[in-house]
Amino acid sequence: MIVFSSLQIRRGVRVLLDNATATINPGQKVGLVGKNGCGKSTLLALLKNEISADGGSYTFPGSWQLAWVNQETPALPQAALEYVIDGDREYRQLEAQLHDANERNDGHAIATIHGKLDAIDAWSIRSRAASLLHGLGFSNEQLERPVSDFSGGWRMRLNLAQALICRSDLLLLDEPTNHLDLDAVIWLEKWLKSYQGTLILISHDRDFLDPIVDKIIHIEQQSMFEYTGNYSSFEVQRATRLAQQQAMYESQQERVAHLQSYIDRFRAKATKAKQAQSRIKMLERMELIAPAHVDNPFRFSFRAPESLPNPLLKMEKVSAGYGDRIILDSIKLNLVPGSRIGLLGRNGAGKSTLIKLLAGELAPVSGEIGLAKGIKLGYFAQHQLEYLRADESPIQHLARLAPQELEQKLRDYLGGFGFQGDKVTEETRRFSGGEKARLVLALIVWQRPNLLLLDEPTNHLDLDMRQALTEALIEFEGALVVVSHDRHLLRSTTDDLYLVHDRKVEPFDGDLEDYQQWLSDVQKQENQTDEAPKENANSAQARKDQKRREAELRAQTQPLRKEIARLEKEMEKLNAQLAQAEEKLGDSELYDQSRKAELTACLQQQASAKSGLEECEMAWLEAQEQLEQMLLEGQSN
């Protein structure tokens, strides 16, 4: 089992965990939840032996095999399938030993190694690796492509598959759905439900957590609180605990007030001084109960749009694509106030293309898009985070939209999105991805849109912010079109589901459970097609055409690959600078008055590295998205 005992973890002068205690039994599947920045990822880093505890202890069996998702993937020439198989380290070691034994012609060693390979089911490893990759959205053709051919999002899927193929005793997953579409999320959920080891899962997706985990550890107020059951059960139990805590707090406050009243009345009287003194000591010894805080720190709503024209947007026989490649054909869509549409479809089918088309970021190849007079778009996509001005604060961004408004009104509004105190005037270059996403949403909400277009709006958002966004969208009066892998948000905010598939956009007759069945049926059909003989598959001309297309795609994507490689080197350098600064800041002696100048320099190095790293990461993300889109188009040709 894993035991955390009186654990203390600091980051510089900030305490993340203090005297925290928790236990995880073998085979348990634990959801690790809490606000962004509370220490969830730091706790996983502790288990991975990447950091040390500042106090207390933690233990788990030394024989346990750990697996986690690597965050970096070099541009390797190695085939995707072989890269994933590398995740089974014991298999690779035995494979190397077998090669050496064959070279020596050592029959005894060969027999022994074959026995070990049999014991770990080595002969099925290629099919197991292929199955993992298929589940995560890779085609048969992609299995043999080099890792360097894939964009960042797809490389993260390769890293995830590499972690899953490891025959681990303890699997650590930190937001594994961030780079996945809904199809892959559904597949991963099924895989994790059948996982036999111990799982610690960080996720802000309640629908993903619920069917998987049987325990929740909630990091709050520098402590770890344990709850048996899934996330929905945790919410009920926590509400009960907080209600009890509040009742105890109020009861204690009454007792404190009574004692204080006695002390104030009789302290000066000689006949009662002794009794008053005893009550003073009683107050001093009393362990005060904190009041319960259950409020969501985020609170906002969409103000009523200035107008609600009907229809807001109309499409007639619209086709869309990139260059000569048609992604969507003959789209017919009518959006009116109150339309609430969730887009479903496999990766690369064209969901984001449709959103861009609706937003006016992509011109139609043919057909007409009719926009109502008075339409006001609110468009959210991940690349918009880069449009924030790095040298400006949240209040400066908002003031440009509302130059006539009083500063206090702007501050009050931003407070609903979690920007309070100094955060309101802090430059966005220092912001995390979640903070930037919240600011972009705040700017959208302020403008009172009547048509909302949201492409994966919950990426980077924690559970509290997701809930606040969901509640605001439920009350939104205009039209909504959303792409999301967050099924709770889709269920709560949409009335109709549309399927983007085979160049078409059509109403889907069913719910999200029916969509899972549809995915399964399509996968079976494709597997049958793959197994069927194809007359031209091995023809010389087909191979020649395929090589030509691959060469053209490599040439087209080469500038982006070079830029991505440059950014990765820069991020590596900045990460090293940041690690160096944070290591120094972890030294308590650095905070002595005599080392004030050194501390200031160290803090400046930390801030500069964080700022540069954030800018590089956003540029890297944009380049990766462009590369991913080009590769998806190339694969479909």
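From the backbone N, Cα and C atoms, a Cβ is placed for every residue, glycine too.
Among the features that Swiss-Prot reports, domain 'ABC transporter 1' is placed at 2-246, with the record citing sequence analysis. Residues or ranges marked as ATP 1 binding site in Swiss-Prot (evidence: sequence analysis): G34, K35, N36, G37, C38, G39, K40, S41. Sequence annotations record features per position, and here Swiss-Prot assigns domain 'ABC transporter 2' to 313-527 based on sequence analysis. As annotated by Swiss-Prot, ATP 2 binding site applies to G345, R346, N347, G348, A349, G350, K351, S352. What Swiss-Prot records for 523-559 is region 'Disordered'. The compositional bias 'Basic and acidic residues' annotation in Swiss-Prot covers 542-553.
DSSP assigns S352 (ATP 2 binding site) to a helix. Shown are the binding-site residues G34, G37, G39, G348, G350; the one with the most C-beta atoms within 10 angstroms of its own C-beta is G350. A Cα-Cα distance of 31 Å separates K35 (ATP 1 binding site) from R346 (ATP 2 binding site). For the recorded ATP 2 site, residues G345, R346, N347, G348, A349, G350, K351, S352 set the reference point as the centre of their Cβ atoms, and the other residues of that chain within 8 Å of it by Cβ are D181, T353, V500. Taking the centroid of the Cβ atoms of G34, K35, N36, G37, C38, G39, K40, S41 as the ATP 1 site, the other same-chain residues with Cβ within 8 Å of it are L16, T42, I219, D462. A 10 Å radius around the C-alpha of K40 (ATP 1 binding site) takes in none of the binding-site residues listed as G345, G348, A349, G350, K351, S352.
Across the structure, S352 (ATP 2 binding site) and N36 (ATP 1 binding site) are spaced 27 Å apart at their Cα atoms. Between the alpha carbons (Cα) of G348 (ATP 2 binding site) and G39 (ATP 1 binding site) lies a span of roughly 35 Å. By neighbour count, meaning other C-beta atoms within 10 Å, the densest spot among the binding-site residues C38, A349 is A349. Sequence-distant contacts of N347 (ATP 2 binding site), defined as residues of its own chain at least six apart whose C-beta falls under 8 angstroms from its C-beta, comprise G137, D181, D183, A184, L632. Rounded to the nearest whole angstrom, the C-alpha distance between R346 (ATP 2 binding site) and N36 (ATP 1 binding site) is 30. The C-beta environment of S41 (ATP 1 binding site), restricted to residues of the same chain at least 6 apart in sequence and closer than 8 Å, consists of D174, I202.
DSSP assigns N347 (ATP 2 binding site) to coil, not to a helix or a strand. Annotated pair K351 (ATP 2 binding site) and G37 (ATP 1 binding site), C-alpha to C-alpha distance, rounded: 32 Å.
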